[in-house]
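Noted in Swiss-Prot for the protein shown:
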BINDING   Arg22, His134, Thr350  substrate binding site
BINDING   Gly109, Tyr110, Ser182, Asp207, Asp208, Ala209, His210, Thr238, Leu239, Ser240, Lys241  pyridoxal 5'-phosphate binding site
MOD_RES   Lys241  N6-(pyridoxal phosphate)lysine
Amino acid sequence: METLDGFAREKLDALEAQALRRRLVETDRREGAIAFREGRRLVSFCCNDYLNLSQHPDVKRAAVEATGKYGTGSGASRLVSGNHPLFGELERRLADWKQTEDCVVFGSGYMANMGIIPSLVREGDLIIADELSHACLLSGSKLSGARVAIFRHNDIAHLEELLGAHRGGAKHCLILTDGIFSMDGDAAPVEALAALAAQHDAWLMTDDAHGIGVVGHEGRGSSFMGERKAAVPLQMGTLSKAVGGYGGYLCASAPVVDLIRTRARTLIYSTGLPPAAVAASIAALDFIRGNPDYCKRPVEKARSFTRALGLADPVSPIVPLILGDAEVTLAASALLEAEGYLVTGIRPPTVPEGTARLRFTFTAEHDDADIARLATLVRERIIQRRAAE
């Protein structure tokens, strides 16, 4: 008879053999891009706090003041008595910024997608998702009971083919995609997706976790990257990346948001976010709206890095360097850490097999000299050495 501990050890040993075991490493983040690990001062290039707002004095002050006024927790589900006044203020500001009628805030982005998708589609309906969509979009899709089809990454022709083949047999159809893809940093063709969705009577939902605050007109996100706002009826995103706090949201029409508040199990059965988290997001959003030029800095920093390496200009603060092998990727990450740079290696199943990578993320406060030195290290110690092997 196999014991629980024996089962766990066997699985861990198998993961270790493939260089796929995960470990938590205590990381002390400070102002700017500085982090401390095991007493060592490192420059972090693997943080999603793109605008460094988690350390902004106004944002921290708002969190402290909200705690003093409302306490450390909301005390209940939002639908019971946990809907403190700050929720409404944040939701109104998000809806106004994203140019929608209403907004609902969740405990996290993952919880948002796990609640939204099953609230909109179910058995007899169809979901078509980009193959590189975030895990929570795919998990929410499976939970819904709807039929799920996958289209090749950013391949509009393949999506149209799947719509032609399967849309007629489904009552409702939901198209899912990241706005900015978290592991590759590229953007979805949102305007083309919106046009195709309208043509086939489908609903388009974008997960803009890595777009809000850093791409699009005034940092409004991927739906605003074109000359005019794309017709995306379901704009989902997070408050934990460029906003610097915690939580998720959906901006949509008033009837849709009302339905989500009524049906989303991850909202109904979860305690509301603490007042401090909501207040911090309000303050961060105020900063973002008042400083559009500052919001451009993460992408500008990323471009200075790629140009030093002769790579294509990125559209987001995310720059992947695909190395393929998990062990090679871990070794490259360790090499950079020994030189004072924190760049985490990303391995399967987070990314597809054979695409393990270093994922560099850039923030508004990264020092240009650090970026230049990092680029030199990557070029001479990783790229050129691999080319010579």
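Placed from the backbone N, Cα and C atoms, the Cβ positions cover glycine too.
Taking only the Cα positions, the spacing between Thr350 (substrate binding site) and His210 (pyridoxal 5'-phosphate binding site) is 16 angstrom. The local packing around Arg22 (substrate binding site), expressed as other Cβ atoms within 10 Å of its Cβ over all shown chains, amounts to 9. In this structure, the C-alpha atom of Lys241 (pyridoxal 5'-phosphate binding site) lies 15 angstrom from that of His134 (substrate binding site).
Note: the Cα of Asp208 (pyridoxal 5'-phosphate binding site) and the Cα of His134 (substrate binding site) are spaced 10 Å from each other.
Leu239 (pyridoxal 5'-phosphate binding site) and Arg22 (substrate binding site) are 25 Å apart (CA-CA, integer value). Residues Gly109, Tyr110, Ser182, Asp207, Asp208, Ala209, His210, Thr238, Leu239, Ser240, Lys241 make up the record's pyridoxal 5'-phosphate site, and a Cβ search at 8 Å around their centroid adds His134, Ile212, Gly237, Gly248 from the same chain. Cα separation, Gly109 (pyridoxal 5'-phosphate binding site) to His134 (substrate binding site), rounded: 10 Å. Taking the Cα atom of each, His134 (substrate binding site) and Ser182 (pyridoxal 5'-phosphate binding site) are about 7 angstrom apart. Ranking the binding-site residues His134, His210, Lys241 by other CB atoms within 10 A of the CB puts His134 at the bottom. Cβ packing within 10 Å was compared across the binding-site residues Ser182, Thr350, and the lowest neighbour count falls to Thr350. The full span of the recorded substrate binding residues, Arg22, His134, Thr350, taken as their largest Cα to Cα distance, is 19 Å. Summarising the pyridoxal 5'-phosphate site geometry, the residues cited as binding it (Gly109, Tyr110, Ser182, Asp207, Asp208, Ala209, His210, Thr238, Leu239, Ser240, Lys241) extend over a maximum Cα to Cα distance of 15 Å. Non-local contacts of Leu239 (pyridoxal 5'-phosphate binding site) by the CB criterion (under 8 A, 6+ apart in sequence, same chain) comprise Val105, Gly245, Tyr246, Gly247, Gly248, Tyr249, Ala277, Ser281, Ala284.
Scoring each of the binding-site residues (Gly109, Asp208) by how many neighbouring Cβ atoms lie within 10 Å, the top position goes to Asp208.
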